[in-house]
Amino acid sequence: RLKTTVVLVPLLLLGWTGTLQGLPVLPEPLYPTQENFDLTRFVGTWHDVALTSSCPHMQRNRADAAIGKLVLEKDTGNKLKVTRTRLRHGTCVEMSGEYELTSTPGRIFYHIDRWDADVDAYVVHTNYDEYAIIIMSKQKTSGENSTSLKLYSRTMSVRDTVLDDFKTLVRHQGMSDDTIIIKQNKGDCIPGEQVEEAPSQPEPKRLRRQVLPTLALSDEEGSGDMSALFNDSEACKAAPETGPCFGFIQGFFYNSTSMRCELFTYGGCLGNQNNFVTVRECLQRCRTEAVCRLPMAPEPCTGQPTIWAFDFVTGSCMPYKDGICQANANQFYSRAECQEYCGVIKDDGELLTAS
């Protein structure tokens, strides 16, 4: 059984000498971490399905890379117990050690003896049950620095849309798509096991293989559009999330308190599902029958399609004139849509104008 150990050293490098309530005191964070990061949901088994790095060594060793397994367990104090299993030169190798938690949720520190390097790692985005993206800033005592991004999955694959968002984040970090290493699914290896390489076959043979069960999505959900997984009961109540990318894209989110679709700035990748291109898409995804009890509140607007609003007093769906919009989510884009949500139209009302 081949086994190596990653040993943490005191935080004497880079001026990281202090502690705060047992946590390492590090420089100001380089990246924002996942909002409301929940460590108890994050621990468990992950697979590194894709990565990129500015480190030349990483790029030189990209051929035929196999997906590895990372198991995280909460240890005593402010530490994470880490067990990593991966294929290395035809042999399954297991490495174990500890990561230091920091005072910033989602930020982790560890030291690599082999490279004499400190690693400052940030969980920039995760939905816990499916994928996680981590950015790592590595600094050696020699002064050499590098940045790596890793895409982890609870299974051996990720949806195409998640991989696309990972690629977008890589570009925002100044690296190109051709630096991304998409790892191969060769199954979970067993420490000490010798792997018989079979280049002519899609996957190598093994004397025995232990495959972990899927923990989250079924196989048919391994790819496809995010809309197929849209959960309005959760998504429409979520706060708007910019995501880890640095773009400035105008989007709309549903404010479940005011029952309005409101503007926010989207970074361009990841974030959550409360993110829509148009007000119409936002309303049609998120509004409920409760909007039928909202008052009619016409207001002037430009460049918007003709809408209908439900008059709760008369029980009618009322058309608005061109150039008039509704100030809340009691707005529909056809009489049929209004009737479907709010009931039978008793009588057509007069065209309304803003007061």
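The backbone N, Cα and C atoms fix where each Cβ goes, glycine too.
Here is what Swiss-Prot records for this protein:
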{"type": "BINDING", "residues": "Cys55, Lys138, Lys150", "note": "3-hydroxy-L-kynurenine binding site"}
{"type": "DISULFID", "residues": "Cys92-Cys189", "note": "disulfide bond"}
{"type": "DISULFID", "residues": "Cys236-Cys286", "note": "disulfide bond"}
{"type": "DISULFID", "residues": "Cys245-Cys269", "note": "disulfide bond"}
{"type": "DISULFID", "residues": "Cys261-Cys282", "note": "disulfide bond"}
{"type": "DISULFID", "residues": "Cys292-Cys342", "note": "disulfide bond"}
{"type": "DISULFID", "residues": "Cys301-Cys325", "note": "disulfide bond"}
{"type": "DISULFID", "residues": "Cys317-Cys338", "note": "disulfide bond"}
{"type": "DOMAIN", "residues": "236-286", "note": "domain 'BPTI/Kunitz inhibitor 1'"}
{"type": "DOMAIN", "residues": "292-342", "note": "domain 'BPTI/Kunitz inhibitor 2'"}
{"type": "CARBOHYD", "residues": "Asn145", "note": "N-linked glycosylation site"}
{"type": "CARBOHYD", "residues": "Asn231", "note": "N-linked glycosylation site"}
{"type": "CARBOHYD", "residues": "Asn255", "note": "N-linked glycosylation site"}
Cβ neighbour count within 10 Å of Lys138 (3-hydroxy-L-kynurenine binding site): 19
Cα-nearest neighbour of Cys269 (disulfide bond) within the listed recorded positions, Lys138, Lys150, Cys189, Cys261, Cys325: Lys150
Euclidean distance between Cα atoms of Asn145 (N-linked glycosylation site) and Lys138 (3-hydroxy-L-kynurenine binding site), Å: 6
Entries of Cys92, Lys150, Cys245, Cys338, Cys342 which, being recorded positions, have CA atoms within 10 angstroms of Cys261 (disulfide bond): none
Neighbour-count leader, CB within 10 A, recorded positions: Cys55, Cys261, Cys282, Cys317: Cys317
For the domain 'BPTI/Kunitz inhibitor 1' (236-286), mean pLDDT (0 to 100): 87
Cα-proximity to Asn255 (N-linked glycosylation site), 10 Å cut-off, over recorded positions Cys55, Cys92, Cys236, Cys245, Cys286, Cys325: Cys236, Cys286
Euclidean distance between Cα atoms of Cys236 (disulfide bond) and Cys317 (disulfide bond), Å: 25
Number of other Cβ atoms within 10 Å of the Cβ of Cys269 (disulfide bond) across all protein chains: 25
The domain 'BPTI/Kunitz inhibitor 1' (236-286) - residue tally per DSSP class, helix then strand then coil: 8 helix, 15 strand, 28 coil
From Asn145, Cys189, Cys286, Cys292, Cys301, Cys338: recorded positions whose CA lies within 10 A of Cys55 (3-hydroxy-L-kynurenine binding site): Asn145
From recorded positions Cys92, Asn145, Cys189, Cys245, the one whose Cα lies nearest Cys286 (disulfide bond): Cys245
Site extent for 3-hydroxy-L-kynurenine, whole Å (max Cα pair distance, Cys55, Lys138, Lys150): 13
